[in-house]
């Protein structure tokens with residue numbers, strides 16, 4: 001009876017969540033991190049110490065933001081229909097902004113690849129650069145990442161159908177596959193014959209794959225929080241907005257990797 005009353009209570013159209021300082025603090029923390037990283041990469045003294053501090057600061061602020069959202073949705077019952085629509089809209093707009101960011105990276109890549117300049121030797125990859133074989137480690141990473149998309153979809157449908165154990169197992173396997181993918185991406189960087197400083201090819205390659213790798217790490221963190229909430233009985237078959245947002249983000253990461261593999265690895269080899 002109490003459970004049913006709570007469900008009916010959350011169906012009203014009012015927005016109960018108070019204004020949050022964490023989006024502003026997160027923006028400031030990310031600005032400090034990106035500025036410190038750029039200055040460090042340009043050789044400015046002292047910023048090599050600021051970068052790890054900025055990373056810790058971003059993680060701390062994000063942790064506080066996650067804590068408030070979990071408290072509002074799980075313990076305070078503030079995630080009404082109006083709040084859930086707002087959160088869904090926010091996640092959707094965030095992913096759209098990420099799409100345009102990656103679109104800029106692909107634009108830079110194809111701008112140089114379709115019509116290589118004389119400085120590049122009028123060929124792609126540029127003269128003197130040996131691209132990574134797309135049928136070796138990149139193909140394995142593609143299989144791993146697409147498999148993680150299958151396992152997280154299984155976990156999602158298991159949760160909807162009330163199969164909590166299947167949701168837990170599917171999420172654990174997805175996180176393990178994500179860790180393996182990130183490890184192999186690091187191995188690929190260490191064995192590569194070119195660096196980010198080797199012409200526009202190296203810049204576009206490492207910027208595109210590295211930024212995607214950062215998204216994989218962020219998505220893994222999202223799924224890890226979802227796993228913890230699953231284990232703590234925070235999620236139900238009808239109320240799992242944060243978990244669902246993490247899954248949507250993960251599918252976005254999958255799709256971006258497919259475009260990277262086809263264009264940067266396969267076509268650009």
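One is the number of the first residue shown, and numbering goes on along the chain from there.
Yeah, the Cβs are placed from backbone N, Cα and C, and that goes for glycine too.
Quick look at what Swiss-Prot annotates:
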| type | residues | note |
| --- | --- | --- |
| TRANSMEM | 24-44 | transmembrane segment |
| TRANSMEM | 46-66 | transmembrane segment |
| TRANSMEM | 90-110 | transmembrane segment |
| TRANSMEM | 138-160 | transmembrane segment |
| TRANSMEM | 167-187 | transmembrane segment |
| TRANSMEM | 207-227 | transmembrane segment |
| TRANSMEM | 247-267 | transmembrane segment |
Leading stretch by Cβ pairs under 8 Å, where the reference is the transmembrane segment (207-227) and the options are 24-44, 46-66, 247-267: 247-267
Leading stretch by Cβ pairs under 8 Å, where the reference is the transmembrane segment (90-110) and the options are 46-66, 138-160, 167-187, 247-267: 247-267
